[in-house]
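Colleague: Annotation comment: TrEMBL describes 33-124 as domain 'Pirin N-terminal'. What TrEMBL records for 64, 66, 108, 110 is Fe cation binding site. Annotation comment: TrEMBL describes 178-287 as domain 'Pirin C-terminal'.
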Ligand code: FJE
Ligand code: FE
């Protein structure tokens, strides 16, 4: 049990919205399921985007910029190679995480390594006083990600803490990112700080398996986002399938409460800051100095 309370007196947050993530094209020939987009940004502050990607060469995400937020890439199958305009380069494989703070500016490419490459990319907003910080990377190999198992529930703690174990990731915007696998018939009660926004994204579910918020609610199928409403305790989830596992990520974060103006891969507080960002990118200023010279290999 992940909660400090017993399951009897644990009151789950309710499910207030379900979104089936439809396929769409992104990057160069890549296909993503966009689970969180602009329409969920208000409900799910500080989260800006969640894509479940599936990409095969020669498709990928060639040279593109970011400013004003963080990208978290969690590989589920295959590998993704990342190169940026400051000479940073690396490949992350299944189970590995790259937690990138774009801050004032990154230009990078994200390209697949194998035949089949799948994973999640989450965009987390930064508060106004952190949007222009120096870019930073936290790279975690699967072996750096703490994992535990109890009563048919396995959790990998990518950010925050659960079931008594804690992630080494530093979150500038306080964030919880948990990867749960529930055996048939098992359940979890996960505490979440009261003021935080929370959602789940279902990766795998048997028919009738994934039940969220209340044990008699209708099951949620794979590739769906489940948005939770407010509550004191956290969330309850049941795997009611008799034979198949339930795998989902549970993501929660402290809302920033500032205006969000997004122009593609730039996320600032005002339109004037977006105009300045486009100018900085175009002329190679204020963090985009290398834009004029750099191309990925
Ligand atoms: C992007 C062009 C892009 N979802 N999921 C424009 F290429 C991208 C982009 C991605 C992305 C990358 C990975 Cl590895 C996984 C993704 C979009 O890089 F976000 C915009 N706006
Ligand atoms: Fe990117």
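From the backbone N, Cα and C atoms, a Cβ is placed for every residue, glycine too.
Heads up, TrEMBL stuff is auto-annotated, nobody curated it.
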Colleague: With helix taken as DSSP H, G or I, strand as E or B and everything else coil, how many residues of the domain 'Pirin C-terminal' (178-287) land in each class?
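Modeller: Grouping H, G, I as helix and E, B as strand yields 13 helix, 47 strand, 50 coil.
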Colleague: With a 10 Å radius around each C-beta, find which of these binding-site residues (64, 66, 108) has the fewest other C-beta atoms nearby.
Modeller: 64
Colleague: Per-residue pLDDT averaged over the domain 'Pirin C-terminal' (178-287) comes to what?
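Modeller: On average, pLDDT over the domain 'Pirin C-terminal' (178-287) sits at 97.
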Colleague: Is any of 64, 66, 108, 110 (binding-site residues) within Cβ reach of ligand 1, i.e. under 6 A, and which?
Modeller: 64, 110
Colleague: Report the same-chain neighbours of residue 110 (Fe cation binding site): residues 6+ apart in sequence with Cβ closer than 8 Å to its Cβ, ordered by sequence.
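Modeller: Sequence-distant Cβ neighbours: 27, 60, 61, 73, 80, 81, 82.
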Colleague: Can you break down the domain 'Pirin N-terminal' (33-124) into helix, strand and coil residue counts using DSSP?
Modeller: 3 helix, 61 strand, 28 coil
